[in-house]
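**Q** Starting off with a structure, shown below.
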């Protein structure tokens, strides 16, 4: 039962963080790499130790839930994803995303092997869970489920379900809706099989590639969004709509070029992937740091889309995937540190009741209107159906209340026709046509007139039938989109839902048993400590103190090692930021050099006054650019070539092209200047030419 609008609870929860460690793969076994990760599922700890000869103590991290190499897909789903999806079905926003180094099993955790029920990942299992909940809902509850699928490839948002996957989409933001993707396609689904087909279609369009660390490496971040709208009657007697959004995110893995061997396009992709993941880490750090006043959500498309999921209106679960090999020791430690930091992010989730962008209420309204039209029947004028001439006599009536009389006449001339009535009218038309053919005493003109009248009535009847059928089809299509609670929609997903339920019950029993064992273990440890405190001699006391001292010394060395690693990591981040600043400074100086040498200062100031930064597309834009340059030149009238410009200068003798023919013509046309009286100069002033102009030109050209 939904709550009143005035009572919207706000759930303040931390981001749930779980860690999953995959087993050693065949390549790592063939290279004889050792296992450096130990998983204690009962205590929820991950211990990483160096396998070389160094005396560095192992590092231990504690999380909400941890999964070892032998963990099952169903267990991962029931312990981590099920609570999030239950919250989404109640109207909250939810986000589940996998984070970690490339090749650690993020895509397997999120998608799995869909052909095998036991190996399906979080996304396919959520399909059966959602429609299983709808099938168990009350009969007066209405649901609308729609999905969308996008990827972020090289910092470009692409629609994996659209016709053109290379088209770049824009990220927009509205106060009432929040961050959204403009022109992103969404499809209404009726069962889990529809969802699975759409996901398969989008997965085929996703960018993948091979590297040295992963044969099927994801080269983009993918976000599969499920929007669930639910309409039911509230305590005030009115229908309320709740809308929950579930974002299922499969992130591309962070890479080191030396290990992946990425070159060319793969290297460019890796650079963009690392940049967005670095921004994600900066966002996590800023949210955890209480002194930070700015969270850099806008520095990356990924963090912009996950803005609500990290520190906003969402219940979020982060699954950090790690590899067990000592070869990936540094990457494993980095992933665990980020995950450990993300535990402290606080989200404020609330139920989305009666949102403005809900489609369920709009569909229900259209269905009611269509049902009303079908019950009342199509309105066809009386003259079109009966062919009576009463309306013809009334058409000439004009009075002071002519408009009202016309309206009454129109209402009286309209009839409501049901499907049964249409059948009767069709039969009547057929009878009249037969009777018309049997009457031989009618004149040809009357016969043609009667036949035309019958054809007109038949056309009107056919049109009414087509409109009725169109309304039925439209109503059927809308009713298919709106799912009624309590209807069995599982179909093939019924087996998967059964597996999930059995696994959930088994997990409950195991959880109770683990809790009991944990309490017993704590009691045993407390008893051991009490026994150790009771010394019978000074020698035993010295041994006990020495053991405690060694334990404290180990903890001290671990803390120092952790501090040294953090300082080294911090120094690396500072050096990376400084290198970015130096690169940006070089690019800025180059741009300023070009601008100062090619654009006058006055025009620079004019451009600066009319330029603004577009946050949505990440580019500078000029105001009123539609009224400048080529856009205005297209509208400039072309002058008439016949009218000669009085100020036009004759440039016919100028050498526009230095060819032999043009040079010869220019010299032949050139005339000697005349005196002021208009008389030619005396012949004595001329010199005798030794050669013809053609020969001079030829010699010059040679």
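Cβ coordinates are placed from backbone N, Cα and C, and glycine is handled just like the others.
Reproduced below are the annotations present in Swiss-Prot:
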- 100, 101, 102, 103, 104, 105, 106, 107: ATP binding site (BINDING)
- 355-593: coiled coil (COILED)
- 372-424: region 'Disordered' (REGION)
- 376-400: compositional bias 'Acidic residues' (COMPBIAS)
- 410-424: compositional bias 'Basic and acidic residues' (COMPBIAS)
- 600-702: region 'Globular' (REGION)
- 667-702: region 'Disordered' (REGION)
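Situate these features within the shown structure.
**A** In the three-state DSSP classification, residue 106 (ATP binding site) falls within a helix.
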**Q** Counting other Cβ atoms within 10 Å of each Cβ, which of the binding-site residues 100, 103, 105 scores lowest?
**A** 105
**Q** So what's the average pLDDT for the coiled coil (355-593)?
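**A** Across the residues of the coiled coil (355-593) the model's pLDDT averages 64 on the 0 to 100 scale.
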**Q** With every protein chain in view, what's the tally of Cβ atoms within 10 Å of the Cβ of residue 101 (ATP binding site), excluding that atom itself?
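**A** Result for residue 101 (ATP binding site): 24 neighbouring Cβ atoms inside 10 Å.
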